[in-house]
Structure formats: structure tokens, C-alpha cells
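Colleague: So TrEMBL lists these for the protein:
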TRANSMEM  120-140  transmembrane segment
TRANSMEM  146-166  transmembrane segment
TRANSMEM  173-192  transmembrane segment
TRANSMEM  212-233  transmembrane segment
TRANSMEM  245-267  transmembrane segment
Amino acid sequence: MAPAGTLRTGQENITLNVSGALRSEASLRAVILHINDRYLPLTDIATIERSAAEPPSAAFRVNGRPAVGLAISMAPTGNMLRFGEALNNRMRAIGAGLPHGIEIVKVADQSAVVSGAVSGFVRVLVEAVLIVLAVSFVSLGLRAGLVVAAAIPLVLALTFAGMLLAGIGLQRISLGALIVALGLLVDDAMIAVETMVSRLEAGDTRRQAATYAFQTTAFPMLTGTLVMIAGFIPVGFASSSAGEYCFSLFAVVLMALLNSWVVAILFSPLTGTWLLPEKLKHRAAGPGRMARGYGRLLRTVLRHRLATLGDCAGRAGTVGVRDHVYAGGVFPFI
């Protein structure tokens, strides 16, 4: 801002400052040009009026025809699917009263994109639940598998309640976090059930087995759960667009794993006292076929320590080289 003049009074000199901003047609008409020692009003050489640009600097077309674009966005706390349905109803009502030759055309429909994405993730989530249930039944048996299976809907219900309280909606990242955590949230329940089964085989009652499972596994399972949660901390607190985009991943995994621990130490032993048999036959003390195979593999690895460490280092180096060669394209630009 430069001084436009000075007002001299009897006691002081007052500097007059003007912004120079042209806010209307009248302010443009008042501009005086200084050309070759002459002062000319801008209106002497130009006509100043407000009108549409001809030709337009930017044209909006739909299907090759001129159109007027209207962007409608949802409120932050709204439901995208309900918003899309209400918008479609409103468009049909408005379109019925438009004159001939004018129609409303939807160029982009975010609600349809969200509906397809949520449906796809829900399908994957259901498939993951069925796979986990199948593995539980095969590895633990029918009754023990039922105890683990009963923990899954309870953990998911508690996680959904926590998401509601935290203001985390069902979107790609939160649903993906549930799928990632699904294979982890049954680990604690399986440990508790296997501990109960081993005590029942040793001759304990169901109440004694449930008490032993809680006393011996609660703290170790909590430690393991916190370690798994710690692996997602860099994702949730990264100071970048990826961290902002994926914070719900960390939050949902945190809630799901903590809920799985609570369910495993309280609900699973209680369910086990109802579903597990009163007495179980003691299984053979010798290791099974899988255990014997794992033992041979472990002994082979221990005999070739340097080769094993070299293989791990080579794999880690391959991952590092790949990250430098391939450009990252996981997260969208925000």
C-alpha cells in the first residue's frame, strides 16, 4: 500500500492511503490513465460493463451439449447412501416440471461408488468369517470350535459400538481394518479354549478349567495383543497424508484386538463351561505328524544358522530394492 496524498491541517499532517482494489464497474470507470503527459479517463478508450464472456473461457458440456454444472455435497455427518437416494428422488421431482429440451443428467454419483465399495468389502468380510470358522472347527473340533465361533460376532459387535462412539463410519479403510484384524481377533479365544481343553483332559472340572485358563493366559495374551497393536502405531500416527487417510485402520484394529482380549478372558471361558464336555479323554502324549514335521524343520534351521540368516537378509534387501524401483501408488492424493 502506497500513500495517495497528505492532508495538512493546522496541527498535523495526515497521510491518506487507499487500497487500490477495483470492486465494481464504477471503480473501473473512475480510473485515470497517465499517457504521454496526458490524463485520460479509462472510459474514453474502453466500454466497461458486466456481462458473460463471449466466447466463454470455460465451457461445461454433457454428452456434447452445453450444460450448467451443479455440485451437491453431503453434510459431514450425513449418510451417503440415504443422501444419494434423497437426491435421486429430488431430481426426478424437479425434472418432471422442466420445460421441453431441458433435462437433469447426473454426471457423477458418489453414493453408487460407496454402495459398491461397501458391498464388496462386506462380502469379503463374510468370506473371511466363514474361513476363520472353518479353520476353528477343523483344528479344535466341533464344540471347541463353537466356543471360538461365538466370540467372533461379540467382538465385531463391540467393535462396531466403539466405532460409533468414536465417529468412525463404515468406509474402505475401516472395513479393511476389520478384515485385517479378523484373523487376529480369534487368536486369544483359541488360546483360552485350548487351555480349557488341556485341563479337562487332565481331569479338571469345567469351572476349574475356565478359572485356570483365565489365571494363566490373561496377562500373556494382553502382552501379545499390545505388541500386535504396536505394529499399527506407525500407520495411525504418520505425519503425512497416508497417516491421515489410514488413521481409522489403526483405530479399528486397536478396538478389535482389545475387544478380542476382553472376550477371550471373560466370555470364552464362560461359554466353554456351557459347550465343552464335562470330561475329555486324554490324547496321546506323543507329537502328531504336523508337530514332528515342524520339529524336523526347526532342527534343520538351527543346524544351518548362517544360511538362514543370509536368506532372511536377502529377502529384506529384495524388499528394500523393490520399494526404490516401484513407485508407491497405494494411497490417493489428498
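Just so you know, glycine gets a Cβ as well, placed from its N, Cα and C.
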Colleague: Who are the chain neighbours of the transmembrane segment (146-166) in space, where the CB to CB distance is under 8 Å and they lie at least 6 residues beyond its ends?
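Modeller: Long-range Cβ neighbours of the transmembrane segment (146-166): 129, 132-133, 136-137, 140, 174, 178, 182, 185-186, 189-190, 193, 251-252, 255-256, 259-260, 262-264, 267-268, 271-272, 275-276.
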Colleague: Within the same chain, where does the transmembrane segment (245-267) have neighbours whose Cβ lies under 8 angstroms from its own Cβ atoms, ignoring anything closer than 6 residues to its ends? I mean 6 or more beyond.
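Modeller: Sequence-remote neighbours of the transmembrane segment (245-267) are 150-151, 154-156, 158-159, 162-163, 166, 168, 171, 173-174, 176-178, 180-181, 184-189, 191-192, 214, 217-218, 221-222, 225, 228-229, 232-233, 235-238, 331-332, 334.
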Colleague: Report, as numbers and ranges, which residues of the same chain sit near the transmembrane segment (212-233): CB under 8 Å and 6 or more residues beyond its ends.
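Modeller: Answer is 184, 187-188, 191-193, 195-196, 199, 204, 249-250, 253-254, 257-258, 260-261, 264-266, 268-269, 272.
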